[in-house]
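Taken verbatim from Swiss-Prot:
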| type | residues | note |
| --- | --- | --- |
| REGION | 1-34 | region 'Disordered' |
| BINDING | LEU173, GLY174, LYS175, GLY176, GLY177, TYR178, GLY179, ARG180, VAL181, LYS196 | ATP binding site |
| REGION | 260-301 | region 'Disordered' |
| COMPBIAS | 285-301 | compositional bias 'Basic and acidic residues' |
| MOD_RES | THR285 | phosphothreonine |
| REPEAT | 410-415 | repeat 'HRM 1' |
| ACT_SITE | ASP442 | active site, proton acceptor |
| MOD_RES | THR486 | phosphothreonine |
| MOD_RES | THR488 | phosphothreonine |
| MOD_RES | THR493 | phosphothreonine |
| REPEAT | 552-557 | repeat 'HRM 2' |
Amino acid sequence: MQGGNSGVRKREEEGGGEGAVAAPPAIDFPAESSDLKYDESDVPAELQVLKEPLQQPTFPFAVANQLLLVSLLEHLSHVHEPNPLRSRQVFKLLCQTFIKMGLLSSFTCSDEFSSLRLHHNRAITHLMRSAKERVRQDPCEDVSHIQKIRSREVAFEAQTSRYLNEFEEVAILGKGGYGRVYKVRNKLDGQYYAIKKILIKGATKTDCMKVLREVKVLAGLQHPNIVGYHTAWIEHVHVIQPRADRAAIELPTLEVLSDQEEDREQYDVKNDESSSSSIVFAEPTPEKGKRFGESDTENQNDKSVKYTTSLVIRDSGELESTLELQENDLAGLSTSSIMEQQLPLRRNSHLDDSFTSTEESSEENVNFLGQTEAQYHLMLHIQMQLCELSLWDWIAERNKRSRECVDESACPYVMANVATKIFQELVEGVFYIHNMGIVHRDLKPRNIFLHGPDQQVKIGDFGLACTDILQKNADWTNRNGKRTPTHTSRVGTCLYASPEQLEGSEYDAKSDMYSLGVILLELFQPFGTEMERAEVLTGLRTGQLPESLSKRCPVQAKYIQHLTRRNSSQRPSAVQLLQSELFQTSGNVNFTLQMKIIEQEKEIAELKKQLNLLSQDKGVRDDGKDGGVPV
């Protein structure tokens, strides 16, 4: 080895000089560089390392993963906190914590994804339920824990509602015999809508399909004087009732009003739920109703006492607990007259007589003796165009101004032109729905709205024809089984309902014409007090009219008498009313022509503006051609 080395050194010395070439090294190392380069020839394109400084990679499914994590957090919040209000607060707190930790983006926690999280939550619930069923082996094991978990699941499912997840409830706008109307804000588009919620009795699949078909017909109405219907859907409402150790209770109806109370309710409806909470009970129908406090000795054993009472619990800061039921889900419904599911809850030795649901309530607060029964009633939701000013509000404001005016000649409080415009648009809307084969059956100032700066008339709150499966808020019959005069036998308030409606006989489109006659009187006759109004409107049934109205507005008075005739066949139709002298007087014609002239002037101004823009564009193009260089 030493000799070899000396030979190499000798050859190097002999070949030394400036032109000598050094022998290549045995291993060729690349030059040092701050950016390491790798052989990427065999690496797929989607996995190649970027040449830029190392960054946390972002994948297309990162948002989906975060949404799933947010859905899991919401699911855990609902399971561990049954109270809807507090569970939402817990969910928001968890989201804020995960956002601060950098595990979530605030974007994925926004309300715009609430409907998507709803589908995730349902899938998680069904997955957990299936997994537990597969793991459970012993059918004789203790079911108390399972029952508790099931009650938690019901509490969660009650909150996975389309209404609760997609809308924020702002205020109550009104209530009627079959439902309440709420002002809501859509969490996704931020727009305000009106949603009417109608409670349906225990119904079959056929009944539900009938309701949905009719709602779809209403949603298809397209007319300037009809409130726009956007969509409709059905959700479940869980009603929990005691079964074994509690007697059947005939709960007092809170919605039954006297004649005077009915009139006062018209003024106070917007402040109806300003208090902390209220409970609305619908008519109970056990086999043998007992008065509050009475016991039923026949049902003190293990026999189940089934209820069909619908219980809707409201609170100022809390919504009803509902579970969405889409139309496609109706195929799975049973054909029984009522849909119900046995739901045993934990036993307790105390049952509070005043069953309330506030933000402090939870499973620990809602305790019943023995087993309980949860009945699944249906809640129909109808999303409509928001119209906050009703004709009732307009008339009330007009009456207020009339009371403040001392000199009638100096204060034209009747405003005949405006009243005629309102009534004409109302008749045009009624003519449209009658031509579509629909009878409104509940026309009154509170169901008629004035929309926009020009106060365009909008007819809303259509009564459903299938009223036999709708859950009324009160029992309109007295103890003798006869109809009380406070309300109609079907739908509508007695002051505006036709005689055939009050008598419970057959009625048709002419029943709406009677209501139009009453509204026509209110438009042209101010009232100083509510008692005066009730007396005058009641007198219409016997053909009595105020003398001042007959002298001041003879044409209107004539048609009021025609419209309120007892014999429905003698009442004019909507098309006959539109062709009558009621809308053909010189004053009305002048007013209509003035409105058309104003509209035509606006249209002409808009066309002139468009022509100017077109001429300017043409001039710019011509200048570009002359200059040779386009701008």
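Backbone N, Cα and C define each Cβ position, glycine as well.
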LYS175 (ATP binding site) and ASP442 (active site, proton acceptor), compared by Cα position, are separated in whole Å by 13
Could you give the mean pLDDT over the repeat 'HRM 1' (410-415), rounded to a whole number?
56
Sequence-distant neighbours of GLY179 (ATP binding site) in its chain (C-beta under 8 A, six or more apart)
LYS196, LYS197, ILE198, LEU199, LEU380
DSSP-wise, what's the residue breakdown of the repeat 'HRM 2' (552-557) into helix, strand and coil?
5 helix, 0 strand, 1 coil
At the level of the C-alpha atoms, what whole-angstrom distance separates LEU173 (ATP binding site) and ASP442 (active site, proton acceptor)?
17
For GLY179 (ATP binding site), name the DSSP secondary structure in the helix/strand/coil scheme.
strand
Conformational class of LEU173 (ATP binding site) under the three-state DSSP mapping
strand
As a test of the contact definition, list every same-chain residue at least 6 positions from VAL181 (ATP binding site) whose Cβ is closer than 8 Å to its Cβ.
ILE172, LEU173, GLY174, LYS175, ALA194, ILE195, LYS196, LYS197, ASP461
